[in-house]
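> This is the structure I have questions about; it appears just below.
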Amino acid sequence: MGLSQTLLVYVLVCVHLGVSQHFLRLRPSPSDHLPVPDLKEDPDPEYDPREQDLDERTLRKKLGSNFDPNFMSISAPMLVNLSTPDNQVKLQGPMPSYIKKIDITETPYGKRIKVGKKARRKFLQWLWTYTHCPVVYTWKDLGVRFWPRYIKEGNCFSERSCSFPEGMSCKPVKSINKIFLRWYCQGFLKQKYCTWIQVQYPIISECKCSC
């Protein structure tokens with residue numbers, strides 16, 4: 001298996017004395033290390049792909065079926081928050097079993113209180129909404145040394161605590177990998193060799209309320 005198939009995006013290129021590039025390993029796990037931090041790039045344009053290296057037809061062929069328009073964009077999209085406002089979050093799927101099993105009729109003192117089915121259902125629905133941790137998606141510019149240049153990156157909603165009482169927060173529990181092309185250079189400025197290689201970029205796909 002060649003380097004272009006095995007190199008991950010968290011083995012990234014950084015500058016060394018302005019003349020060569022080396023790998024910086026950014027661990028994708030544990031998951032709370034996501035999303036991937038902004039990359040430290042050599043600002044020297046000599047390490048940028050040239051116009052002839054950015055031919056869309058050639059790059060599409062090189063990326064093949066890995067091109068995912070749901071998470072990638074060649075041209076600049078509107079770089080805005082793509083999430084639904086928290087008070088309009090649409091909960092998907094069945095209510096989690098750990099919420100269904102909550103007995104709201106029992107008090108800490110052993111006494112029981114009467115709660116109607118409708119009131120119980122509304123309370124559990126509120127609790128589910130309150131503790132729900134949506135993934136907030138935002139378009140991010142990876143720079144000219146990635147193709148496609150723009151990625152729809154996931155973050156865990158973090159504007160408030162997700163627990164009742166407060167204290168817990170939304171954290172990543174799952175991620176998916178999307179394959180991009182990375183412009184990679186080896187050697188010194190006048191003797192360097194540059195080419196596009198495939199790299200995997202991890203994207204948060206699920207968040208949960210956690211300590």
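Every residue gets a Cβ built from N, Cα and C, even glycine.
Any TrEMBL annotation is an automated prediction that lacks curation.
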> Choosing among CYS170, CYS185, which residue does TrEMBL name as bonded to CYS133 by a disulfide?
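Candidates were CYS170, CYS185; TrEMBL matches CYS133 with CYS170.
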> Could you identify, going by TrEMBL, the member of CYS14, CYS209, CYS211 that forms a disulphide bond with CYS162?
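That record, TrEMBL, gives the partner as CYS209.
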> With the disulphide bonds as TrEMBL has them, who is the partner of CYS156, out of CYS194, CYS207, CYS211?
CYS207
> I'd like the per-state residue tally for the region 'Disordered' (30-53) from DSSP, helix first, then strand, then coil.
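So the counts come to 9 helix, 0 strand, 15 coil.
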> As a test of the contact definition, list every same-chain residue at least 6 positions from CYS156 (disulfide bond) whose Cβ is closer than 8 Å to its Cβ.
CYS133, VAL135, VAL136, SER169, CYS170, LYS171, PRO172, ILE204, CYS207
> For CYS194 (disulfide bond), which residues of its chain lie six or more apart in sequence with Cβ-Cβ distance below 8 Å?
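Expected: TYR47, PRO49, ASP53, TRP183, TYR184, CYS185, GLN186.
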> Which one of these disulfide-bonded residues, CYS133, CYS162, CYS170, CYS207, CYS209, has the sparsest Cβ neighbourhood, judged by other Cβ atoms within 10 angstroms?
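Checked CYS133, CYS162, CYS170, CYS207, CYS209; of these disulfide-bonded residues, fewest Cβ neighbours within 10 Å: CYS209.
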